[in-house]
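> Below is the structure I would like to discuss, written out as C-alpha cells.
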Amino acid sequence: MLPHRNISLFISLLCHASLLSSLFAKELELGYYSDTCPDAESIVWEVMRRAMVREPRSVASVMRLQFHDCFVNGCDGSVLMDETETMLGEKEALSNINSLRSFEVIDEIKEALEENCPGVVSCADIIIMASRDAVALSGGPYWNVKLGREDSLYASQDDSNDIMPSPRANATMLIDLFSRFNLTITDLVALSGSHSIGEARCFSIMFRLYNQSGSGRPDPNMDSKFRNKLDSLCPRGGDENVTGGMDSTPVKFDNQYFKDLVQLRGFLNSDQTLFSDNIRTRKLVKKFSTDQEAFFKAFIKGMVKMGDLQSNRKGEIRRNCRVANNQREDDFLIRVF
C-alpha cells in the first residue's frame, strides 16, 4: 500500500493531468469557421471533387486517413506529418507504410485554404471534412461535421504501431480495440463499411490465399470462385503491390461491401472475420447487407463519434500539414547558419 504522502501526491498529479486535459481539449462546434473562414467547407469539397475526377481511388484513400489519425492520440493531424531527423512519423508505421496515400490531396486542400484564410483551418479538421466529402462524392450520405480541432506538434510511430490493427486481425481483436475508444460493436461494423470504396494491396491478403493461420492452405471462409479470382490477381511470388477493390463496387459507397461478406467475398481478413467468426458482428453484417439506410445512419454516427476523439496535448494550426510550424523555422535557421 502507498504511504499517505504518496497517495496524496498521486491524486494531485491525476488532478493536474485532468486540468491540463481540460485546458488543451477544444470545444468542437458545427459551423466553427462560419466567421473566420466561411468558404472552408466548400473549398474542401471542390478540391476533393477535382481529386476524384483525376483518380477515383484517391478520395477513398483520403477517407482512410480519419481512422488512422483519430485512433492514434485523437484527431490531431499527426498522421500527415513527415518524418524528421528527430521524429519517426506515423506514415512509416507498420499499418501505414506503403499503404496510406493521397497526402497530396490534403496538401492541395491546405494550400487552397491558406490562400483564402491563412492560419485558420487546421489540418486535423481538413481530414474530417475531406473524409465526409469522400463518402458523399462516392454516392454515400452527407452529414454536418463538428470542427475546431488543433494540429499536434509531433507524431508518434510507436503509438501507431501499438494501436493500429493488422489486416490479419480477427473480430474479437477488433471489438477489443474499438471498445478502448468507447466505440460499440455497431460502430465497428458500420465503420468497417468504409471499405465499400477503395482498394487494398495483394500484400495484405497473401496469407489468406496461401497460408491462413499457418496452415499452408487458403482461408476456408472464402467463396471458391472469388478465391480463384484473387489467385489470378495475387499469384504466389507475384507483385504484392498490385491492388484490388475491397468490394465489388469499389468506387461507389453503398452496402455492397456487406453483401460481399455474406457471400464470403470479403477482400481483407479483417473484413471477412466480421461475418465468419463472430455471432454479434455477423448479425450486423446481415442487417446492413439488406438495409442500406440503416448502414448509412450507423456509419454517420460512428464517424461523428470517431471524430470526437481528441488529443489532450497542446496544439497549433499548421501552415503546412506535413510539418509543425516550429520545425519549418528550425529548418530555416539550419539553412541560414
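A Cβ is built for glycine as well, from the same backbone N, Cα and C atoms used for every other residue.
So TrEMBL lists these for the protein:
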- 1-25: signal peptide (SIGNAL)
- 27-325: domain 'Plant heme peroxidase family profile' (DOMAIN)
- CYS37-CYS117: disulfide bond (DISULFID)
- ARG64: site 'Transition state stabilizer' (SITE)
- HIS68: active site, proton acceptor (ACT_SITE)
- ASP69, VAL72, GLY74, ASP76, SER78, GLU90: Ca(2+) 1 binding site (BINDING)
- CYS70-CYS75: disulfide bond (DISULFID)
- CYS123-CYS321: disulfide bond (DISULFID)
- PRO165: substrate binding site (BINDING)
- CYS202-CYS234: disulfide bond (DISULFID)
- ASP247, THR249, ASP254: Ca(2+) 2 binding site (BINDING)
> Around ASP69 (Ca(2+) 1 binding site), which of the listed recorded positions (CYS75, CYS117, CYS123, PRO165, CYS202, CYS321) come within 10 Å, judging by Cα atoms?
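Within 10 Å Cα-Cα: CYS75.
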> Far apart in sequence but close in space: which same-chain residues, 6 or more away, have a Cβ under 8 Å from GLU90 (Ca(2+) 1 binding site)?
HIS68, VAL72, SER78, VAL79, MET81, ASN96, ALA155, SER156, GLN157, ASP159, SER160
> Have a look at the disulfide-bonded residues CYS37, CYS117, CYS234 and say which one has the shortest Cα distance to ARG64 (site 'Transition state stabilizer').
CYS234
> Across all protein chains in the structure, which of the disulfide-bonded residues CYS202, CYS321 has the highest Cβ count within 10 Å?
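It comes out as CYS321.
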> Which residues of the same chain, at least 6 positions away in sequence, have a Cβ lying under 8 Å from the Cβ of THR249 (Ca(2+) 2 binding site)?
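Correct list: SER196, GLN256.
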> Find the shortest Cα-Cα separation between CYS70 (disulfide bond) and the recorded positions ASP76, CYS123, CYS202, and name the residue that gives it.
ASP76
> To the nearest whole angstrom, state the Cα distance for the pair the residue listed as 'substrate binding site' and GLY74 (Ca(2+) 1 binding site).
16
> Measuring Cα to Cα, how many Å separate ASP247 (Ca(2+) 2 binding site) from ASP76 (Ca(2+) 1 binding site)?
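With distance taken Cα to Cα, ASP76 (Ca(2+) 1 binding site) is 30 Å from ASP247 (Ca(2+) 2 binding site).
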> Near CYS123 (disulfide bond), which residues of its chain come within a Cβ-Cβ distance under 8 Å, counting only those 6 or more away in sequence?
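Result: GLY77, LEU80, ILE106, LYS110, ASP151, ARG318, CYS321.
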> Judged by the number of other CB atoms within 10 angstroms, which among ASP69, ASP76, ASP247, ASP254 is the least packed of the binding-site residues?
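ASP254, out of the binding-site residues ASP69, ASP76, ASP247, ASP254, has the fewest neighbouring Cβ atoms within 10 Å.
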> Between ASP76 (Ca(2+) 1 binding site) and CYS117 (disulfide bond), what is the CA-CA distance rounded to a whole number of Å?
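CYS117 (disulfide bond) has its Cα 20 Å from the Cα of ASP76 (Ca(2+) 1 binding site).
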> Calculate the distance in Å between the alpha carbons (Cα) of CYS234 (disulfide bond) and ASP254 (Ca(2+) 2 binding site), and round it to a whole number.
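Checking the Cα atoms of CYS234 (disulfide bond) and ASP254 (Ca(2+) 2 binding site) gives a distance of 26 Å.
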> Enter the number of other CB atoms within 10 angstroms of the CB of CYS234 (disulfide bond).
22
> Taking the Cβ of VAL72 (Ca(2+) 1 binding site) as the centre, count every other Cβ atom within 10 Å, in any protein chain shown.
28
> Sort out for me which one of CYS37, CYS75, CYS117 has the most neighbouring CB atoms within 10 A, since those are the disulfide-bonded residues we care about.
CYS75
